[in-house]
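Right, one structure below, let's go through it.
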Amino acid sequence: MNELVFFINNVVIAGSVTGAIYAIGAIGVTLVFSIMRFAHFAHADIMTFGAFMVLVLTTAFPSVGMSIGVPTALVMLPVAMVITACLAVGIDKAFYKPLRAHGVKPIVMVIASLGVTLILQGMIRLFSGTGGQGLYVDDRKAIFRMLPFENVRVPIVITEPQIYLFAITLVAVIALHLFLSRSRLGKAMRAMSDNPELAQASGINTNTIVAVTWVIAGGLAAIAGTLLSLDVTFKPDLSFFLLLPIFAAAIVGGVGHPFGAVAGGFVVAFAETLAVFNWGVFLRPFRDSLPTWLELPSNLAFVGTEYKIVVPFFILVAILIWRPTGIFKGKVI
Amino acid sequence: MPLIEARDVYGGYGSMNILNGVNMALEAHEVGVIVGPNGAGKSTLLKAIFGLLHVNQGDILLNGAPIQNLPTNQLVERGMGFVPQEKNVFPSLTVQENLEMGAFLKPQNVKRMLGQVYEFFPPLQEKRHQPAGELSGGQRQMVAMGRALMAEPSLLLLDEPTAGLSPLYMNEIFDRVKHINAAGVGILMVEQNAKQALAIADKGFVLAAGQNRFTDTGAALLADPDVAKSFLGG
């Protein structure tokens, strides 16, 4: 039973945490693609910016959360979401809109977004320093240990920010679903994703839809970056390293499908955790009955933890070769 | 004063003119039909009226006010609806969502207009929760026309509404066009099925090489042996 708990801790919980973060990141990428038809590489650094805003606000007002019993970082999250949404709209106005007005090819937009990535990362580094900083300034992370079975020595471990992460992810995904399926603007967004010319011919102001898309993408990026930094610590290049898995998630799910992005996020995350999981632990109980010439290696993972980043890369290549439209028949990039 | 009028319009893509001085005028509540050989500039004229391509010279007047080169969403606000020939629905949106998008600028009208559009196109009501991409060509055309009607236009522009449809649906669409017009909407359409279209037209415009060749009532054009010989296949 200890092995099962080990599996739950290292695969089920770890995979879900990573999956939730990939999912929220990938939704932003997929929304921007479906409205503006380009791969927005600066998305990860907008995530970092959101987390950095939370860090700044939390450092400035460290005791706000104490009074209501929530980590201050989470109290500051909505404010950071608004600031990040404004940043996203501002970046669009400054960098992408002039390019769009000239009718450039999508690849030019992609290169521009790489430039934005460098600017953002440099700016954040300038103010935050290069080291890691905890977002939990007011108190320590609560850690919950559960002993689900009798005669088990290792407990299932889940931390407070992880619980918040699952709750916030659920709320964000449901809110997005309601927005896209019920609200007038949400439907107009889907319409524009389907057929921009016809959306315009219907009287939909496409500039408004573009702005709304950036607001949502920015807000979600702030959530993803903050939750990630809460789970570990804030670093200026933390989200940047998630760029590849997030794009893999968006493509696996089918670009342009917000719920595909959620599914893709969990697929990529679980593929990662399963690939680095030490399957040897399941053989350990049978160690005594194994023939003596067969020695159990200490680590039986598909790839070493340090090569984790290879997994989304492999998934990305595989999906582009065998199913370029992703699980939910998205657009082909 | 005509509902829509084109005065000596030159226009096309870039500086290349496809329209070389077209004139066209349609009174309110009339059906106007633009016919002519391929490449005559029929669809181009429709697109120029809806601001989708640049008018290099001449005037386009809606209720007497110049509208050439205005952005399309302003034209929708001023009472124009446009149904493109191809890609005229939002495939992943349901039929009802497609229609709602037509009333994007007038959200307070959605309920009332949905009722009216479902009256014009009864088959759409039972399919209202189905994605428009799953419908047949004829039903899609109905969705597209319904979407344009949702904004309560005073002028509806239809670009070859019967292209690629079976004769059964073709008759159905012409029949619907007559109904919509009877409800007070002016209609300007480009058609390949010239005989059928001219039969329901108050005015017909025969274009060739971006210029007017014949302009008359639909009935007169149908009866004109010259028109019949050169444009209606004898």
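For all residues, glycine too, the Cβ spot is worked out from N, Cα and C.
With a threshold of 8 Å between CB atoms, the same-chain residues lying at least 6 positions outside the transmembrane segment (A:12-34) that come near it are 40, 43-44, 46-47, 156-158, 162, 165-166, 169, 172-173, 176, 189, 193, 213-214, 216-218, 220-221, 223-224, 227-228, 231, 239, 242, 245-247, 249-250, 253, 255-258, 260-262, 264-266, 268-270, 272-274, 330-331, 333. Under the heading transmembrane segment, TrEMBL lists A:12-34 (among others).
According to TrEMBL, the transmembrane segment annotation covers A:46-68 (among others).
Annotated transmembrane segment per TrEMBL: A:74-95 (among others), in sequence order.
For A:107-127 (among others), the entry in TrEMBL reads transmembrane segment. When Cβ-Cβ distances below 8 Å are used as the criterion, the transmembrane segment (A:107-127) is approached by residues 36, 38-42, 44-46, 48-49, 52, 91, 95-96, 99-100, 236-237, 240 of the same chain, each at least six residues removed from its ends.
The annotation transmembrane segment is assigned in TrEMBL to A:163-180 (among others).
Within its own chain, the transmembrane segment (A:209-232) is flanked in space by residues 17, 20-21, 24-25, 27-29, 31-32, 35-36, 40, 43, 46-55, 71, 73-74, 77, 80-89, 91-92, 132, 135-136, 159, 161-162, 164-165, 168-169, 172, 176, 179, 185, 188-189, 192, 199, 238-239, 242, which lie at least six positions past its ends and keep a Cβ under 8 Å from the stretch. Feature annotation from TrEMBL assigns transmembrane segment to A:209-232 (among others).
As annotated by TrEMBL, transmembrane segment applies to A:238-255 (among others).
Here TrEMBL flags A:262-281 (among others) as transmembrane segment. Beyond its flanks by at least six residues, the transmembrane segment (A:262-281) meets 3, 6-7, 10-11, 14-27, 173, 245-246, 248-254, 296-305, 308, 311-312, 315, 326-328 of its own chain at Cβ-Cβ distances under 8 Å.
Residues or ranges marked as transmembrane segment by TrEMBL: A:301-322 (among others). Residues 241, 244-245, 247-249, 251-252, 267-268, 271-272, 274-279 of the same chain lie 6+ residues outside the transmembrane segment (A:301-322) yet bring a C-beta within less than 8 angstroms of a C-beta in it.
Panel annotation: around the transmembrane segment (A:74-95), residues 42, 46, 49-51, 53-54, 57-58, 61, 64-65, 68, 112-113, 115-116, 164, 168, 210-211, 214-219, 221-223, 226, 230 of the same chain, lying at least six beyond its termini, place a Cβ under 8 Å from a Cβ of the stretch.
Long-range neighbours of the transmembrane segment (A:163-180) within the same chain, counting only residues 6 or more positions beyond its ends whose Cβ lies under 8 Å from a Cβ of the stretch, are 16-17, 20-21, 23-24, 27, 71, 74, 77, 144, 186-187, 189-190, 216, 220, 223, 227, 230-231, 258-259, 262. Same-chain residues lying 6 or more positions outside the transmembrane segment (A:238-255) and placing a CB less than 8 Å from one of its CB atoms are 21-23, 25-26, 29-30, 33-34, 39, 41, 43-45, 47-48, 51, 117, 121, 224-225, 228-229, 232, 261-265, 267-269, 272, 309, 312-313, 315-316, 319-320, 325-333. Same-chain residues lying 6+ beyond the ends of the transmembrane segment (A:46-68) with a Cβ under 8 Å from its Cβ atoms: 25, 28, 74-77, 79-81, 83-84, 87-88, 91, 120-121, 124, 127-128, 133, 135, 137-139, 217-218, 221-226, 228-229, 234, 236-240, 242.
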